[in-house]
Amino acid sequence: MTRAGFVAGNWKMYGNLVQNQELLAAIVLGIPSLQNASCAVCVPYPYLAQAQSVLKGTHVAWGGQNISQHHQGAYTGEVSAGMLTDFGCRYVIVGHSERRTLYGEDNQMVAEKFHSAQEQSLVPILCVGETLAQREANETEQVIARQLDAVIGLVGVNAIKQSVIAYEPVWAIGTGETATPQQAQDVHAFVRNRIAAHNSEIAADIQIVYGGSVKANNASELFAMPDIDGGLIGGASLVAAEFISICFAAQS
């Protein structure tokens, strides 16, 4: 792994004030520094102020799990990119498979959210990936190509440089299933090559992380693959020791 490693924890809809305080404090204590790697936690909206309070001035960044594609307006229940920056966020996840599947977010909407994030100087963590049915139909590359092309078509390839791409095989999310390191590497290489068709320098530099049931006991093997630069971590990010171990595995 020649690029700097990156690990982001996605807490999803878990946590409370007491648990968060303990978890964040443990992560800060466990990660005083990283060599050629960085890490972040993406927390539920109500806990952004808490994350900011605990993490400010540490080696751990923080961010959100979703944003509206709109900057402001009569959009009840929505949260804008600018609101996240008010809480010091550096990152935001866009296009997570759960957003696409449960809330009907299509490629165009995800592209608009990506653009909205960058307009407010947030780094989007763009999720791409295929379902089990799509994989079994040998449609993995076509699906991911459409997801990437929607973003590049809207913002241009230069904007991709200021982002992180997360490959999440939907069939491996929360199931305990994990793509083999080689299966994950093959898709990561495809993503990098797809970007390289537009700009090889950007493709060489961009961080592409893996988001399919990464745990402390498989992180090192996954991150050793040449095109896997870290992970987007779900359940394991809620356990301090697991998350810390994964972050250290991303060092190079």
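Keep in mind that glycine also has a Cβ here, set from the backbone N, Cα and C atoms.
From a predicted model like this one, the values you see are computed outputs, not experimental measurements.
All protein chains included, Gly234 (substrate binding site) registers 22 other Cβ atoms within 10 Å of its own Cβ. As annotated by Swiss-Prot, substrate binding site applies to Asn10, Trp11, Lys12, Gly174, Ser213, Gly234, Gly235.
Under 8 Å, Cβ to Cβ, and six or more positions away along its own chain, His96 (active site, electrophile) finds Asn10, Gln65, Asn66, Cys127, Glu168. Among the features that Swiss-Prot reports, active site, electrophile is placed at His96, with the record citing sequence analysis.
A sphere of 10 angstroms centred on the C-beta of Glu168 (active site, proton acceptor) encloses 25 other C-beta atoms. Here Swiss-Prot flags Glu168 as active site, proton acceptor.
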Binding-site residues compared (Asn10, Ser213) - highest count of Cβ atoms within 10 Å: Asn10
Under 8 Å by Cβ from Trp11 (substrate binding site), counting only residues of that chain that are 6 or more apart: Val41, Cys42, Val43, Pro44, Gln65, Ser237, Leu238
